[in-house]
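Copied over from Swiss-Prot:
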| type | residues | note |
| --- | --- | --- |
| TRANSMEM | 28-48 | transmembrane segment |
| TRANSMEM | 49-69 | transmembrane segment |
| TRANSMEM | 125-145 | transmembrane segment |
| TRANSMEM | 213-233 | transmembrane segment |
| TRANSMEM | 246-266 | transmembrane segment |
| TRANSMEM | 291-311 | transmembrane segment |
| TRANSMEM | 313-333 | transmembrane segment |
| REGION | 360-381 | region 'Disordered' |
Amino acid sequence: MANERSKLAFKKTFPVFKRFLQSKDLALVVFVIAILAIIIVPLPPFVLDFLLTISIALSVLIILIGLYIDKPTDFSAFPTLLLIVTLYRLALNVATTRMILTQGYKGPSAVSDIITAFGEFSVSGNYVIGAIIFSILVLVNLLVVTNGSTRVTEVRARFALDAMPGKQMAIDADLNSGLIDDKEAKKRRAALSQEADFYGAMDGASKFVKGDAIASIIITLINIIGGFLVGVFQRDMSLSFSASTFTILTIGDGLVGQIPALIIATATGIVATRTTQNEEEDFASKLITQLTNKSKTLVIVGANLLLFATIPGLPTFSLAFVGTLFLFIAWLISREGKDGLLTKLENYLSQKFGLDLSEKPHSSKIKPHAPTTKTKTPEEIKREEEQAIDEVLKIEFLELALGYQLISLADMKQGGDLLERIRGIRKKIASDYGFLMPQIRIRDNLQLPPTHYEIKLKGIVIGEGMVMPDKFLAMNTGFVNREIEGIPTKEPAFGMDALWIDAKNKEEAIIQGYTIIDPSTVIATHTSELVKKYAEDFITKDEVKSLLERLAKDYPTIVEESKKIPTGAIRSVLQALLHEKIPIKDMLTILETITDIAPLVQNDVNILTEQVRARLSRVITNAFKSEDGRLKFLTFSTDSEQFLLNKLRENGTSKSLLLNVGELQKLIEGVSEEAMKVLQKGIAPVILIVEPNLRKALSNQMEQARIDVVVLSHAELDPNSNFEALGTIHINF
C-alpha cells in the first residue's frame, strides 16, 4: 500500500519537476529566493550538508568551464553567476554561523557532518595548527589569488575598452574594402559589444570575490568569539571544552567556505586571463604545445634536476626520476616531434591491441608509407640513441661559452691566445692553491650576444661579462694623469670602472697612467677569480684520490695510514680550507694532522679543520702577507672580544654567536667601518685576528653579512714573521 502511494506521489510531482527544469528563468528565480530563505530560515544539519555540497560542486563546475571555454565571452554569464554564487556562499555563512552559535554546545556533530569533518581533519588534535592552516588558506586567497584576479580584470577591462575604437574602425575598414559583408560586420560589432560589456561587468564582479574573502575573515572571528561567549556564559561549558568545540566548528566552517571561494577566485583569474583561441585547439592543448614547443627547455630543466639530485640532503630518487623523465620527453620530441610521437604511439597500440584510435576518416585498407631514407639497422638506431642521451646528460665540469664575435680569441690560427691564457691559469692555480683544476671546455654559443661570454660550473652560470675583441680595456687604478676617451664599462672580475679604447690610443693610455688589458686577459682573469671563489667545488673525491696518489710517490707511509680515514672527511677538510682561501699545497702536513687527530675526535670535520689550520701557520701567514713581508691586521678591543666570547654557544662540536639584532648590527657596522679604513690605504685583504675559540663563529658571521674580511686566530700565526697592527675595533655593545 505504501509503495502504491509513493508511486502515485511521484507520478504527480514529476511533471511539475520536469516543467521546473525546462523553465530556466523560473529555476533561477527559485534559486535566488532559496538563497534569501537560507539567510532567514534555520536549517537542519542534513539540509545544511546538502547545500554546502552544492557550493563545492558549483565552484568546481565553474573552474572547469573556465578551463574549457575557447574565449572569455563564451562564458558571458560569468559576472552575474559570480554575484549569485557569492551571495549563495554568504547565505551559507549566515546559516552555518546560526547553527554554530545555537547548536554548537551540543557538539560538532549537531551542526554539520561536513563542517565537523573538515574541522577535525585539518585540526588533527592541535587547534593551533588548525588555526594556522586556515589562516594561511585565507591569506593566500585574499592576498594572492583574489588580489591578482581583481587586478587582472581591472587591467583587462581598461585595455578592452581602450581598444574598442580601433577595433570598430577595423571592422568599418574591412566592410568598406569589401573584405566582409554587412552580415559579417554586424556579427563582429555584436561580438565587440559583447566583449566590452563582459569585461566591464567583470571589473565590478571581481570586487564581489574580494569582498567575500574579507567577509569570511570577519565571520570566522565572530564564530570563534561569539561561540566561546555563548558556550561559557549561556551554556555553562568549561573554557577548554568551549574553545575546542567552537574552534573545530569555526575552522571547519571556514574551510568549507574558503575552498569554494579560492576555487571561484582562481576561476575568475583564469577567465579574465584567457585570450581568444583558435577554434581548432582548446586551452589545454595549446598550453601543452607551448610548454613543450622547445625541447631544449625540457633538457635544461632535466639537467638541473639531475644536478640537484647529486646535492647531499636533497631527495635523490625524486629529483633523478623527474629529471630523467624530462630528458626522455625532450629526446623523444626532438627525435620524433610531438605529432610523430603521438602517431607512433597510436600505431603501436593499434597493432598491439587491434584498436582503431585514429580520429580522421580512413579507408578500410591501410597503405604503408614508402620509406624515403635508407633503413637503419637496430644496432645503428640503438647506438645513435645512446649517443643522443649521453650528449644530453653530459654536463661539463667547467665551461666557457663565447659569443660568435669572440670565437677568434680562442682560434690560434687567427692569432687568438685565449687557450694559452687558460693554460696559464691552470698552472697558476696549481702553484698557488695546490690542486689541479679540470680542463675548461670552450665552445661557441650563438644564443649569447655577439660580444658576451659565460662561465659555467657544472652547467650553472657562475659568471658572465662582455668584451670587445678589437679594443683594449683601460683601467684607472688611481694614478691617471689625464682621462682619455673610451666606452665606459665595468671590469668583470673585480667590478672596477674601466674604458674600452681603440688600439691606436693604447700607448697614450699607458702614458697617462692607465693599466691596459687585452680582451683575452680580461676573460682569463675573470675565469681565474671565479675558480678561486669556487675552489672548494673543484675538490671532488677523484681529485682527492689524485692528490693522495701524487703524495704517495714521496711519502707512501703517511698515505697508507690515511686510508683508515674516510675519503669524505679528508675532502671536507680540504674544501673547508679552500673556502677560506687557505692553500692546500702542503698536503703532507694536512694529511699528517688528519691521521693524528681523526681517531681522537671521531673524524669530526670542524675540529680537524681548526687543528689543520693551526699546523699550517706558516702557510697561512705567508698567504696573507703584504708586499713588504708584513702581516697587517686588525684586532678587537679586550672588552669587545670578551663580550663576543661570552656570546658563543656550542652546537655539538661547532660554535656560533648568539647575538640579538641590535648587537649584530653594531658588530657589522664596527667591523665594516674599520675594514673600509684599511682598504682606503690600499691594503687588501683585510685581516682580523681573534681568539681561537672565536675565529670560526666570527668568520661565519662575517660571511653571512657579506663583509670581505679574513678572520684568523692567534694560533694560526707564524711567530717568526713580521706583523703590523693597523687598528683596534671598539664596539659599544
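Glycine residues also receive a Cβ, built from the backbone N, Cα and C atoms like all the rest.
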Beyond the flanks of the transmembrane segment (213-233) by 6 or more, those residues with Cβ under 8 Å of it: 90, 93, 97, 100-101, 104-105, 134, 138, 141-142, 146, 239, 241-243, 245-247, 249-250, 253-254, 257-258, 261, 265
Among the ranges 28-48, 49-69, 125-145, 291-311, the one whose Cβ pairs under 8 Å to the transmembrane segment (246-266) are most numerous: 125-145
Residue numbers, six or more beyond the limits of the transmembrane segment (291-311), whose CB comes under 8 Å of its CB atoms: 319-320, 322-327, 329-331, 333-334, 338, 392-393, 395, 458-460
